[in-house]
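Q: Here you go, one structure.
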Amino acid sequence: MGKPLFYEILEKPATSCIIGICCAIWFYIQKKNIGYSHVGLSYETAIEGHYWRIITSAFSHISVLHLVFNMSALWSLGVVEQLGHLGLGVEYYLQYTLVMVVLSGVLVLGMYHILIQRFKLEHFRRVTAVGYSCVVFGWMTILSVKQPSSKLDLFGFLSLPISFAPFESLVFTSIIVPQASFLGHLSGIIVGYAIAWGLIHGMNNYWALSLLGWILLVFVLSLKKSGAIDLNFLEIESVTDPSLPSVRFLGSGNGRTLQMSALPLGSVEFV
């Protein structure tokens, strides 16, 4: 008999939080009747400056089957949080989850760019990627390298050897869910191997927080620029009040004189 769910949640705090966030977003999407085009990532929307979609697409699911598959796999992969003795653990999990969300999204766009510009496959301009699969496949790959003896449990009854899980799951999802993003899953595998083999390394709390700060900044600015959400409260308007004193330089030749206009008499209030 396994451990009670409560204790497993305590052993996988980061995984539990991410699953909770994805489920809450799925519920909100269903309630508001939001579609792929509103939150998904495509080449067409990216070149229009919708960079915020790299984040929204990762945490959004439209199909309940897609959500259940990803969250079931993610729960099993949460064992990474318990492998501190292998150099993994909770901090490693959070730091490289952030890396995979960003890099897998950028890599997908790079693949679309090559297919469109090099091979003239215009269809990929409008292909929209959505879901946490990129990160799930990334962690499958990392675990297959770091601890190849592990098992990946799906739906509570299907168990796969982790050493083959990334590519088995790639085929499995393509058969079960024909509209699944093959390139999205593949990008997660590529980024996962890059991290597992040390090609991407050196993340710590400082760099993770710095990366998070830049993500939030780009997210808000691109969201505002694209006009997807009204963010007028971020507007900074120039103020030209003739009642305020002005400063200017006067002079000729080598000499300059600072002249300041007088502030008109009146009342000043501090609010």
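Glycine residues also receive a Cβ, built from the backbone N, Cα and C atoms like all the rest.
A TrEMBL annotation is a machine prediction, not a hand-curated record.
From TrEMBL, here are the annotated features:
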- 49-200: domain 'Peptidase S54 rhomboid' (DOMAIN)
- 12-29: transmembrane segment (TRANSMEM)
- 50-73: transmembrane segment (TRANSMEM)
- 93-115: transmembrane segment (TRANSMEM)
- 127-145: transmembrane segment (TRANSMEM)
- 157-177: transmembrane segment (TRANSMEM)
- 182-200: transmembrane segment (TRANSMEM)
- 206-223: transmembrane segment (TRANSMEM)
Q: Under 8 angstroms for C-beta pairs, at least 3 of them, ignoring pairs fewer than 6 apart in sequence. Is the transmembrane segment (182-200) in contact with the transmembrane segment (12-29) by that rule?
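A: Touching, no - the transmembrane segment (182-200) and the transmembrane segment (12-29) miss the threshold of 3 or more Cβ pairs under 8 Å.
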Q: Counting only residues 6+ away from its ends, which parts of the chain sit with a Cβ under 8 Å from the transmembrane segment (206-223)?
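A: Sequence-remote neighbours of the transmembrane segment (206-223) are 49-52, 55, 94-95, 98-99, 102, 229, 231, 234.
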Q: Taking only the residues in the domain 'Peptidase S54 rhomboid' (49-200), give me the average pLDDT of this model.
A: 93
Q: Can you work out which residues elsewhere in the same chain, 6+ from the ends of the transmembrane segment (157-177), have a Cβ less than 8 Å from its Cβ atoms?
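A: Long-range Cβ neighbours of the transmembrane segment (157-177): 63, 65-66, 69, 73, 133, 137, 140-141, 143-144, 147-151, 185-186, 189, 192.
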